[in-house]
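One structure is given here, and the rest of the page talks about it.
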């Protein structure tokens, strides 16, 4: 039998597309870039992504979806002021915008019209940066094989951010103009202006550090949630459980941080072994309890007074 001998396909992500299939016999094209929605297999053949994202992939997408929402809430709270009653409505609107954007993004992704998406499995960090692995066989010409090997985890985030931005520009200005009566004219739209800054920053962050975020996001969640909880409780002068119960807003912030703690723990453990991983969720309230139990011993005024008495 005649064997079709083809030159080796160089490069980590270069592959041959399947031109036709006749029974068990496949005809391949030249070595090059794989079409969108495909990636190379072990034999350097471009194969269609037919797997579904695993639990960790969904948790990563959830983290990237939460980033703009958390930033929306932060800047709404930052600029709303104590006298304004519009903050709650803006918080709800931001949640609505991001939720609708997420649903639309899933619906327009392949397969179109379904909340299910097909994907390629992430095997290693370099899968996120295929543009860095274009081969140069003769050290002069470069064979460009850049494609989305982690389809669609890289581009779906950009699509989501675009829908978030469009929905915000359509809904938020009208809402703020109607209900932000407690704010001055110059302050009403500051949370929207902030979003016009942080969306490009998030886009660049995903473009440059998407692969790094994929592997590091559980630890980023845990560290940031711990730091922000400590800063908030310190700034709000919360030193006991009684201080927490004085205002409902403090309890809402506390439970929000607990949810983030739980999300980070679940992302790290992936809940592969429920009997081992679920008890870890009991650690969620530990940082807040530790802070409340030790806050009275670390108050600066008390330390200064005791230091003065010692002299």
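Backbone N, Cα and C atoms are what each Cβ position is placed from, and that goes for glycine too.
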Under TrEMBL, which of the candidate ranges 25-45, 88-108, 109-129 is annotated transmembrane segment?
88-108
Counting only residues 6 or more past its boundaries, what in the same chain has a CB within less than 8 Å of a CB in the transmembrane segment (278-295)?
226, 229-230, 233, 238-241, 244, 254, 257-258, 261-262, 265-266, 269, 271
